[in-house]
């Protein structure tokens, strides 16, 4: 919405400049931009046409002498209605025509110089001048003087109003905000008492949620031009002028954020207007288009059932107010925002009226808007008004009272504000405050703020907003996991993952409930009350689903190999979360090259990532157990739960093959997730083996053991690794087949032996080897493979 600064001054008594007012609005949370400060001299001025002569080289052109109040100049004009003595609008050289038009320059037209251009209504982007559908504007001398700026002079401010602040879609609301911030005082609204003739011949009935008030005004004259000051203000707001009555209604809408509709009363049958649900019928609207209505549309019908208006959206061409209308019915209403939003979206139609009703209009302003508009119509169009017709009620008839503790401002906002200042701010914003009790105030919400002020938290927000968000101290959004010396593990874990070739991503804290259920999660306690869409209707119970979708999206864009991770919160309930780190690898681990074959990411890549994470957290990898898991979304034979000290800390493995297609991934995915909040205190555990340079030569030996298939390779590594003299143990082969009994498996390990006192002798090597074989037999029931 945009408006002239001088128009705002009709409602705000202040000495602040336009630039300062725009800056203050932005500080208050209403985005404001100063479009321009006004130009001097004005680019579009009222000018008088002097002598008019035929063009020497063109029959349809005329050479005019024009006076703009300062200079006489020659202008070539092709309008058929140009004549000596008329007042019109001159676009001076340098003027930029509205709506993206050209810049006016000095030109030579068929051999004759032209210093500017005389303008038509269409060229200026305005309407409402009678009998001027073609030709240049013929301005009435009673309203305009030569040399005046045609458009309202001075600065123009444009504001971007958020959906929750519909009250600021009117200049009165903007002025009210500025007054609360200490920018001047609010001027009174000029509404005088009306002389009425009695009861309206048209009654009203409300069959839906809402309130309708109206007045019958008879014997008006709508054939004259609107007063210039109304036209100027509408033009500054980008609203085209139509007729005096319609201009007044639009003017009141922009001042009070009170959309209204005017009916030609002579077209209403049965002496009655009824607001209710529509039936399936065609509707010819004021915009010249035909719409098919349904039960989702709220409409206004007459006593004969004829639809005269889509309530809160647009009127009918059948009963719209025209220049010939003599008797009108003026409607001012409050409709449920949900009803209007549903109706407008069903028709794929958005109007100034529907945008305002959707964002909530002030239910306490229905009669004020009706009185204001009625007063102006009678003043400028004549006629006599009836008594007010009223029906229906709003859900806010009892108002809203909020229990508010003023101490909560300091607790929530981390800023100290005196109680007297809190009381001043709330009172200035229109809240009625009962501060008799020391700790709990009773705060009555003004009618224009009923849409967005619903709880004590909203009251705190209002206080902080007016006090200044720049005075609120910064607080950490998410607490970081800190080590024993205060080190930031989040940062360290990110660096470890980055060094392992994974890229960090950030996904939504929401996800699709259907996807969560597909992975076997219960979403009953995770549903969002008012989701953005059905793709984000639950809080995420795991980081994995969103990462899989991210990986699939990257593969769909041509990135065949993906390795990503995320650190974030996962939820067990809406108010209970825990910290987690999750990673996904999919595609080729080794890209195509001339030196060897490629390899896909698998279980062991993800397992390596898990061990790196746990090692960074101070956990000895030898104390980590990988136990079989039965997670429905993981591969049944290539996945494991991760345990430390018998505490389930996460899981690792390959994604179930059925889900590869579900997520539309192009290859198998290896993934892991570690729940960091479950990791116990690990201060007493080593963060890794100390790196030593050995003086003596190591000895390498390979051992192949036949073990039960249920024995994990890690168990074999742990048993062999605990023997003195053994420095390193690694698995290099698995085998099931010929010469291996049924139910058995051959696991081969490479063992590095080192002595700290000297080079190992054959007898020492033999002694360590025999101890390895004996301990494996004792602990695991394994036998050294013979062949």
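A Cβ is built for glycine as well, from the same backbone N, Cα and C atoms used for every other residue.
Marked as Mg(2+) binding site by Swiss-Prot: 452, 458, 461, 462. Annotation source Swiss-Prot lists domain 'tRNA-binding' at 38-151, citing sequence analysis. According to Swiss-Prot, the feature domain 'B5' maps to 397-474. Look at Swiss-Prot and you will find 694-785 tagged as domain 'FDX-ACB', backed by sequence analysis.
Note: residue 462 (Mg(2+) binding site) has non-local neighbours 425, 426, 429, 431, 453, i.e. same-chain residues 6+ apart with C-beta under 8 A of its own C-beta. DSSP labels the residues of the domain 'B5' (397-474) in these numbers: 34 helix, 11 strand, 33 coil. With DSSP classes pooled into helix, strand and coil, the tally for the domain 'FDX-ACB' (694-785) is 28 helix, 32 strand, 32 coil.
Surrounding the centroid of the Cβ atoms of 452, 458, 461, 462, where the record places Mg(2+), the chain contributes additional residues within 8 Å, namely 449, 453, 457, 459, 460, 465. Residue 461 (Mg(2+) binding site) is surrounded by 18 other CB atoms, counting those within 10 A of its CB over all protein chains shown. Long-range neighbours of residue 452 (Mg(2+) binding site) (same chain, six or more residues apart, CB within less than 8 Å of its CB): 164, 165, 360, 458. Its Cβ placed at the centre, residue 458 (Mg(2+) binding site) has 16 other Cβ atoms within 10 Å.
Along the domain 'FDX-ACB' (694-785), the predicted structure has mean pLDDT 90.
Under DSSP, residues within the domain 'tRNA-binding' (38-151) fall into helix, strand and coil as 4 helix, 47 strand, 63 coil.
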